[in-house]
Amino acid sequence: MKHLVAAWLLVGLSLGVPQFGKGDICNPNPCENGGICLSGLADDSFSCECPEGFAGPNCSSVVEVASDEEKPTSAGPCIPNPCHNGGTCEISEAYRGDTFIGYVCKCPRGFNGIHCQHNINECEAEPCRNGGICTDLVANYSCECPGEFMGRNCQYKCSGPLGIEGGIISNQQITASSTHRALFGLQKWYPYYARLNKKGLINAWTAAENDRWPWIQINLQRKMRVTGVITQGAKRIGSPEYIKSYKIAYSNDGKTWAMYKVKGTNEEMVFRGNVDNNTPYANSFTPPIKAQYVRLYPQICRRHCTLRMELLGCELSGCSEPLGMKSGHIQDYQITASSVFRTLNMDMFTWEPRKARLDKQGKVNAWTSGHNDQSQWLQVDLLVPTKVTGIITQGAKDFGHVQFVGSYKLAYSNDGEHWMVHQDEKQRKDKVFQGNFDNDTHRKNVIDPPIYARFIRILPWSWYGRITLRSELLGCAEEE
C-alpha cells in the first residue's frame, strides 16, 4: 500500500493535480486507507481524495464494488457527496486526468475547481459596460452604473430629454413659487416659459423680486428615472440673467420632499449653474432620482433668478432611448411610405418619407402622403428585431399651412409581409394613439406592452390638412 501511495503522489505531481497540504491540517494525514489530503478549500479545512474501494470524509467507509455484469450499488465515491457549493457528483468510469477516483463534480454557475470549491470572480470578465463598477459576489456579480446608464450590465442608456424643450411636458406640468412681472405687469415671465432654447422676447421663467426662496417644479405625471438636468439663462431687457448655483429636490406625491445629497453623506448637493445667459450647462445625477416631481431651488443668481431648462432620463424600466430617427442612426433607405406628396407637383418640394425625422428643419421638413385616406402608412425598418417602448410624433407646415396627424395606429412585423396591429389590451381592439394638435409640439405615447419587431408602421387615422408627420421611435436594441 505504501508503494501505491508513493506512485500516486509521483503521477499526481506530473499531471498537475492540486498540491497536497503541507501545514498542520494535513500533517499528520487525517485521511485513512491511503487517502490523499487536500487543503485550501473554500468551505472546509481539508478534503480527502479516497482510493478505489473507500469513501467518506476521511476515507473510512468501505465501498461495495459491483462486478462488470452488475449495476453499481448505491454506495460509491459520490456518497457522501464530495462536491462543495451545491455541486452534483457524477460517477465516471473514464480516466479524468486530474484525480484517481471515478467521479466528476458538475459545478453550479459561479463555482469551479475539482470539488467546486472555488468562487469564480465574474468581474475578471469585465461585464459592466459604460464605466460601470463591478463587485464580485458569491456565484454572482453586481454593476454600479453611472447615473445615465442602467441595466444588469449598465447596457441601457438613460439620458434622453424628458420633454420640456419639445413640449411633451405641458404648460400645466410646470409650476413655480412666483412669477416676475415687468413693464407695469405687461410682461409675465411664467414658469412654463422655462423651456431649453426657447426663443422670443419673453423666453424664460423669472422668479419675483420679493421671492426669498424661489423654486420651479416639474410634474412628470408618473414616477420616472431622472439622470440629469440642463440649465440655461436668458436676457431680460438686454441684461443677461442666469442661475449660478442651485439645489434639487424630488417627491412622489408633491407634498413630501427630499433634497438631493452628496453621495454617502447627509450634505445637500449644490450644483454648478450657468456662467452666461445663453450657454446650456448639464449636470448628471449619480445615483439617479426616481420620482414624479422634481424641483430646482436657485441658490445664487445674477441679477434675477432666470431659467430655461430640460430634464434628462427615461422610464423606470429603461429601454426608452431614441432609436435614431432624429440623429440619423436610422438611415434614409430604412424609411419608406405608402405614397408621397409634391407641393405644386414639383420634385424640389417632395415630402419624402426620409424627411419624417423629429425636429427636422427646412421648407420641406416632413413626410406627407400623396393621398388623404386611412390606407396610408409610414414604415421604419429597424434591421433587427428591436424592443419599441414609445413613439414621439410632430406635424409640420407646408408654405404656412398647418398639417399634422391627429391620431394613428401602430402595426409591426418581422418579415415586412405579415403584419399585426398593436392592441388595446383592456378593450381588446386596435389601439388608437392620440397624435398632435399643432404643427410643432412633440406628442409622446408609451407603448405598453412594448412591441418587439423589426418593422414598425405608423397608420394615420385622423389628420388636419394633409397627413404630415415627423417622428422618433423609443426603445432599445437588446433585452438582457
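Cβ coordinates are placed from backbone N, Cα and C, and glycine is handled just like the others.
Annotated features in Swiss-Prot:
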SIGNAL    1-23  signal peptide
DOMAIN    24-60  domain 'EGF-like 1'
DOMAIN    74-117  domain 'EGF-like 2'
BINDING   N119, I120, E122, D136, L137  Ca(2+) binding site
DOMAIN    119-155  domain 'EGF-like 3'
CARBOHYD  N140  N-linked glycosylation site
DOMAIN    158-314  domain 'F5/8 type C 1'
Including all protein chains displayed, how many Cβ atoms other than that of L137 (Ca(2+) binding site) lie within 10 Å of its Cβ?
13
Counting across all protein chains shown, how many other Cβ atoms sit within 10 Å of the Cβ of N119 (Ca(2+) binding site)?
18
Within the same chain, where does the domain 'EGF-like 3' (119-155) have neighbours whose Cβ lies under 8 angstroms from its own Cβ atoms, ignoring anything closer than 6 residues to its ends? I mean 6 or more beyond.
42, 85, 108-112, 225, 227-228, 284-288, 312, 314, 318, 478, 480
Most crowded position, judged by CB atoms within 10 A, among E122, D136 as binding-site residues:
E122
What are the helix, strand and coil residue counts for the domain 'EGF-like 3' (119-155) according to DSSP?
4 helix, 13 strand, 20 coil
With DSSP as the reference, give the number of residues of the domain 'EGF-like 1' (24-60) in helix, strand and coil.
0 helix, 10 strand, 27 coil
Measuring Cα to Cα, how far is N140 (N-linked glycosylation site) from E122 (Ca(2+) binding site) in Å?
7
Other same-chain residues whose Cβ falls within 8 Å of the Cβ centroid of N119, I120, E122, D136, L137, the recorded Ca(2+) site, in sequence order:
G110, N121, C123, V138, A139, N140, Y141
Measure from the Cβ of N140 (N-linked glycosylation site) and count the other Cβ atoms within 10 Å, all protein chains considered.
12
Tertiary neighbours of I120 (Ca(2+) binding site) (same chain, Cβ under 8 Å, six or more apart):
G110, F111, N112, A139
